[in-house]
Amino acid sequence: MLRSILRSSTSNASRRGFASGASPERKVAILGAAGGIGQPLSLLMKLNPLVSRLALYDIAGTPGVAADVSHINTGSEVVGYMGDENLGKALEGSDVVIIPAGVPRKPGMTRDDLFNINAGIVKSLCTAIAKYCPNALVNMISNPVNSTVPIAAEVFKMAGTYDEKRLFGVTTLDVVRAKTFYAGKAKVNVAEVNVPVVGGHAGITILPLFSQATPKANLSDDEIVALTKRTQDGGTEVVEAKAGKGSATLSMAYAGAVFADACLKGLNGAPDVVECSFVQSTVTELPFFASKVRIGKNGVEEVLGLGALSDFEKEGLEKLKPELKASIEKGIKFAHQN
Ligand SMILES: NC(=O)C1=CN([C@@H]2O[C@H](COP(=O)(O)OP(=O)(O)OC[C@H]3O[C@@H](n4cnc5c(N)ncnc54)[C@H](O)[C@@H]3O)[C@@H](O)[C@H]2O)C=CC1
Ligand SMILES: O=C([O-])CC(=O)C(=O)O
């Protein structure tokens, strides 16, 4: 049998007295670390100076990924964990748990088509989180996010550990895309662009608020409609281009690393850490909704409102609600019936 836990050379170095440099010490666990997103995300988190311990967990392949990543000469200790029996050890002491575990789409599928497989994976991983690191900030990447976040919430409620401040659906890739597409169309420096993206993370539930985009640009209504559609269909654009070989992995790893970095900064008390995320919310009548969120020492410090919407965005908001509501309810029902 393969050795299921791989202690890296960095771990030995750390035991010999090399400090990670991260202050305070922070442990990040990645569940699904050997996958298409998991591998580049592991790399990016290894590069993050706020991380002191990096636990890489998957049902297969983690010894290789952990050995590889551990050779990078940054301060964090990397440990790979493989198989269900090692999940508890991977999770114990984690400050942030990032979940990119589960199957990706193929052309012709919707994110909801992933529900049957991914719902069960997310439920079992969240059951373990409730047991081994109930205080961690959970960054849910696994699709369909509109349902997997409500599943996680119900699992935590049933375990008596739910804290709505600590559960985040990662919608950062929608923001990353909206920024890129807007900068290209508006001919502005992408590094300066900000665009809030609200709602959920699937098709029309993704609602970019280009009326609030900065720097301001004079785009026509047709251009805004096209930018909105491209942002909503960004995932499908990648799925089709990959032609059966999965969905976005590299841009998602980048987005996941940006969001996890924001969580670490918030935990460490940095001021004004604001990112869009799909969280428990009272911004609309729906129990979960993505909007700008201020992240602090306890997780969600404040769920920010939507701000002024254009008529086109108001229309988009009303259109997305039935689909988002149904996806949320599907997740809640699954958590209780399975
Ligand atoms: N939130 C977002 O914006 C995005 C979400 N995604 C979603 O992320 C998920 C992962 O995508 P990829 O990395 O491309 O898939 P992948 O198939 O390349 O990797 C998934 C990994 O999860 C692992 N896994 C399966 N069951 C597991 C379990 N019980 N515990 C731990 N690990 C387990 C697999 O062994 C595999 O290594 C998909 O559901 C995909 O739809 C993808 C892109 C963007
Ligand atoms: O489209 C997919 O299936 C993966 C995803 O969530 C994205 O790329 O936004």
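Every residue gets a Cβ built from N, Cα and C, even glycine.
TrEMBL: automatically predicted annotations, no manual curation.
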Residue among ASP58, ASP163, ASP272 sharing the NAD(+) site, where TrEMBL lists GLY32, ALA33, ALA34, GLY35, GLY36, ILE37, GLY38, ASN118, ILE141, SER142, ASN143, MET252 as binders: ASP58
Region 'Disordered' range according to TrEMBL, out of 1-20, 221-240: 1-20
Contacting binding-site residues for ligand 2, chosen from GLY32, GLY36, GLY38, ASN118, ARG177 when the Cβ sits under 6 angstroms of any of its atoms: none
Output field, substrate shell: CB within 8 Å of site CB centroid, site ARG105, ARG111, ASN143, ARG177 dropped: PRO104, PRO144, HIS201, ALA202, GLY235, THR236, VAL239, SER247, ALA248
ARG177 (substrate binding site) and MET252 (NAD(+) binding site), distance between Cα atoms, whole Å: 10
Spatial neighbours, same chain, of ARG105 (substrate binding site) - Cβ under 8 Å, 6+ residues apart: ARG111, ASP113, LEU114, ASN143, GLY235, VAL239, GLY246, SER247
